[in-house]
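Note sheet for the following structure.
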Amino acid sequence: MSTSPVEKPNAVLGGTQPLVKYGGLNGNALLYAVVAIATCGFSLFGYDQGLMSGIIASRQFNTEFPATHQRDVNDVHAGTVQGSVTSCYEVGCFIGALIAFFIGDKMGRRRMMFGGAVVMIVGTVISVTAFGPGDTSGRGNVGGFVQFIVGRVITGFGNGANTATIPSWVAETSKAHNRGFLICMEASTVAVGTVIAYWIDFGLSFVDSSVSWRFPIAMQILFALILIGGVAVLPESPRWLIAHGRPEEGLRVIAALDARSIDDPVSVADHKKIVDALQAQASVKANKTRDLLKMGKQQHFRRALVGASTQLFQQIGGCNAVIYYSTVLFENQIGLETQLSLILGGVLSVVYMIFALTSFFLVEKVGRRKLFLWGTVGQAVSMFITFGCLLPGRASSAKGAAFGLYFFIAWFGATWLPLPWLYPAELNSMAVRTQANAVSTMVNWIFNFTVVQVLPTMTASIGAYTFLFFGCINLVFLPFIYFFYPETTGRSLEELDVIFAHAHLTQRRPTLVAAELPKLSDHQIQEMTERYDIHGADQAEDPEAYGAAVNQGTPDTTLPPVHPHDHVKSGEATRVPSPTA
C-alpha cells in the first residue's frame with residue numbers, strides 16, 4: 001500500500017461505493033484498533049514476565065509449593081526448582097511458535113491469535129486450580145505442583161503462537177513510514193504488562209492466603225478475552241488474504257485501512273501492487289519450509305538468520321536476569337529486605353515501561369541499526385557496573401548494583417525490547433515471512449527458557465560473575481550488528497526484496513547497499529523486481545547469472561527513473577556503486 005491513512009480525510013476521494021469499515025472503523029481508527037489488540041497480546045506476554053518475579057519467592061507461594069522455597073542465597077537445588085517452574089512456560093511458548101511455523105500460514109493471522117488466546121485461558125484455569133502439598137485445607141498434594149507446571153506449559157502454547165503471529169499481522173496491515181512506530185508500540189507494551197503484574201504482586205503480597213498468587217495468574221484471562229474480542233471483529237492481513245485466493249476480501253481490507261471505497265483508484269492501485277508481487281512469487285512452485293534455506297537473489301536464509309539473531313541476542317544479553325528475577329536479585333544478591341525488594345522491583349518495572357515507550361519515536365527518527373548498536377553498548381556498560389559493585393561483597397557497594405540494574409533496563413526498554421519483534425517481521429520476504437517469523441520466535445523462547453532456567457543456579461553458584469558474563473556477551477554482539485544488520489527504516493516490504501537482490505548481484509553487503517540506495521518509488525521497485533527477476537524460476541539454477549541482463553555478463557545496477565515518464569539524463573547519476581577492487 002503506497003499511501004497512508006494518516007494522510008487521508010475520512011471521505012470518499014474517488015470511486016462511487018461507500019467507505020469500507022470493520023467494527024465501525026476505518027482509516028486511522030481501524031489501524032490503531034489493530035495495533036491496540038496487538039498490544040494487548042504483547043502485554044499478556046509481559047504480564048507473565050513480571051508475574052513470576054513477584055510470586056516465585058513469595059512466602060504464600062513457597063508455602064503452597066515447598067520445593068520452591070530457597071533456604072538461603074546458596075541453596076542451588078531450590079534455585080534450580082524456581083528456574084524450572086518459571087522457565088517451563090518458555091518451553092510451552094517454544095512449542096506454540098513451532099506450531100505456528102507449520103500451520104500458521106494455513107490458519108491465517110486472526111485464527112492463530114484466536115486459538116492462541118483460547119489455549120491461554122485453558123492453561124491459566126489449570127494453573128489457578130492447582131493445590132500443592134502445602135495447602136492448609138488438606139486438598140493438595142505433589143500432583144497439584146505438577147498440575148501447576150502443566151498449566152504454565154499449556155499457557156505457553158498459546159502465547160508462543162500469538163507472539164509468532166502478531167508482528168506479521170501488524171507489519172502486513174501498516175505502511176512503510178509508520179510500520180516501525182506501530183510494531184514498536186505493540187512490542188513495547190510488554191513493559192506495560194510487566195508493570196501491571198509487578199504492582200498487583202506487590203499489593204497482594206499483604207494477603208495471607210493463596211489468593212496472593214492465584215488472583216494475579218487468573219488475571220491473564222482478562223487479557224486473553226480482550227484479544228479474542230478484538231480479533232473477532234478486526235480484519236485479516238490483506239497480504240494473507242490475497243495470497244490465499246481471496247483477493248476481493250483483500251481489497252476490502254486495503255480500502256478500509258486507506259479510508260476509501262473498494263473502487264477508489266488508490267485502493268485499486270495498492271491492491272494491484274500486492275497482487276503483482278504475490279503472483280510473481282507464486283509463479284514459481286515453492287515449498288516454503290525448504291525455501292527458507294535458499295540464498296540467491298531473495299536471500300531468504302540470510303534474512304531469516306539475521307532476524308533470528310536479534311531474538312537470540314535479546315535473550316542472552318541478560319534481560320530476563322533483570323525482568324524475571326529482579327526482586328530475587330535485590331534480596332539475595334544485594335541484600336535488601338523482602339518488602340523493599342518488591343518495591344524496588346515495581347519501580348524498576350516503571351522505569352522499564354517509560355523507556356520502552358520512548359522507542360515509539362526513536363525507532364523511526366534514529367533508525368533500527370543505530371538503536372541496536374547503542375543499546376548493546378548501554379547494556380554491556382550496565383552489566384559491568386553491576387558486576388563491579390557486587391564484587392567487593394560489601395552492603396554499601398552492593399547498593400550501587402541496583403543502579404546498574406536500573407541502567408540496564410532503561411537501555412533494554414528503549415532498544416532491545418521492541419526491535420527483535422519489528423526487525424524480522426519487516427526484513428523477511430512475504431514468501432517465507434510466516435515461517436521466518438516463527439523461527440525467530442522459537443529462537444526467542446528456547447533461549448528465554450535457557451536463561452530463566454539457569455539464572456538462579458548461576459547466581460547461587462558464581463554470584464557477581466553472572467553479570468560479568470552477560471556484559472561480555474553483549475560486547476560480542478557488536479561486530480555482528482555492524483556487518484550484518486541493514487537499515488530498514490522507511491523501506492516498504494517489497495523494497496527490501498530489491499535491496500537484498502541488488503546486494504547479491506553486486507556482491508556487496510546489504511548493510512552498504514541499504515545505506516547507499518535512495519528511497520525507491522513504486523515504479524522503481526516494480527522495474528527492479530522485474531529486471532532482477534527476483535521471484536523468477538531461475539533462482540537457484542545458475543549462480544553466475546542471477547539477475548543478469550540478457551546476453552550480458554554483469555547485471556545492470558542503474559536505477560530506473562522515479563516515475564514512468566521521467567527521462568534520466570545520465571545513467572551514472574542513478575547508478576549504485578559496484579564492488580571495488
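Note that Cβ sites are derived from N, Cα and C of the backbone, with glycine treated the same way.
Under the heading transmembrane segment, TrEMBL lists 29-47 (among others).
Feature annotation from TrEMBL assigns domain 'Major facilitator superfamily (MFS) profile' to 34-489.
For 112-132 (among others), the entry in TrEMBL reads transmembrane segment. Non-local neighbours of the transmembrane segment (112-132) in the same chain are 41, 44, 64-66, 92, 96, 100, 103-104, 139-142, 144-145, 147-148, 150-162, 164-166, 169, 214, 217-218, 220-221, 224-225, 227-228, 231-232; each lies 6+ residues outside the stretch with a CB under 8 Å from one of its CB atoms.
Feature annotation from TrEMBL assigns transmembrane segment to 144-169 (among others).
Sequence-distant contacts of the transmembrane segment (181-200) (same chain, at least 6 residues past either end, Cβ-Cβ under 8 Å): 31, 35, 38-51, 53-54, 166-167, 170-171, 174, 215-216, 219, 223, 323, 345-346, 348-350, 352-353, 355-357, 359-361, 363-364, 413, 417-419, 421-422, 425-426. Feature annotation from TrEMBL assigns transmembrane segment to 181-200 (among others).
The transmembrane segment annotation in TrEMBL covers 212-234 (among others).
For 304-327 (among others), the entry in TrEMBL reads transmembrane segment. Long-range Cβ contacts of the transmembrane segment (304-327) within its own chain (Cβ-Cβ under 8 Å, at least 6 residues beyond either end) map to 49-50, 52-54, 56-57, 86, 194, 292, 341-342, 344-345, 348-349, 352, 372, 376, 379, 383, 405, 408-409, 412, 416-417, 419-420, 423-424, 427-428, 432, 435-437, 439-441, 443-444, 447-448, 450-452, 455-456, 459, 466-467, 470-471, 473-474, 477, 480, 484-485.
Among residues of the same chain six or more beyond the transmembrane segment (339-362), those with a C-beta under 8 A of the stretch's C-beta atoms are 50, 53-54, 181, 184-185, 188-192, 194-195, 197-199, 201-202, 205, 322-323, 326-328, 330-331, 371, 402, 405-406, 409-415, 417-419. Per TrEMBL, the feature transmembrane segment maps to 339-362 (among others).
Taken from TrEMBL, the feature transmembrane segment covers 371-393 (among others).
Annotation source TrEMBL lists transmembrane segment at 405-424 (among others). Listed as Cβ neighbours of the transmembrane segment (405-424) (distance under 8 Å, sequence separation of 6 or more from its ends, same chain) are residues 42, 163, 167, 179-180, 183-184, 186-188, 190-191, 304, 306-308, 310-311, 313-314, 317-319, 322-323, 326, 329-330, 348, 351-356, 358-359, 362-363, 368, 371-372, 374-376, 378-379, 381-383, 385-386, 436-437, 440, 444, 485, 488.
Taken from TrEMBL, the feature transmembrane segment applies to 436-456 (among others).
Annotation comment: TrEMBL describes 462-485 (among others) as transmembrane segment. Within the chain, the transmembrane segment (462-485) has long-range Cβ neighbours (under 8 A, six or more residues past its boundaries) at 306, 309-310, 313, 316-318, 321, 333, 368-369, 372-373, 376-377, 379-384, 386-387, 390-391, 401, 404, 423, 455, 509-511.
Feature annotation from TrEMBL assigns region 'Disordered' to 543-581.
Residues or ranges marked as compositional bias 'Basic and acidic residues' in TrEMBL: 563-572.
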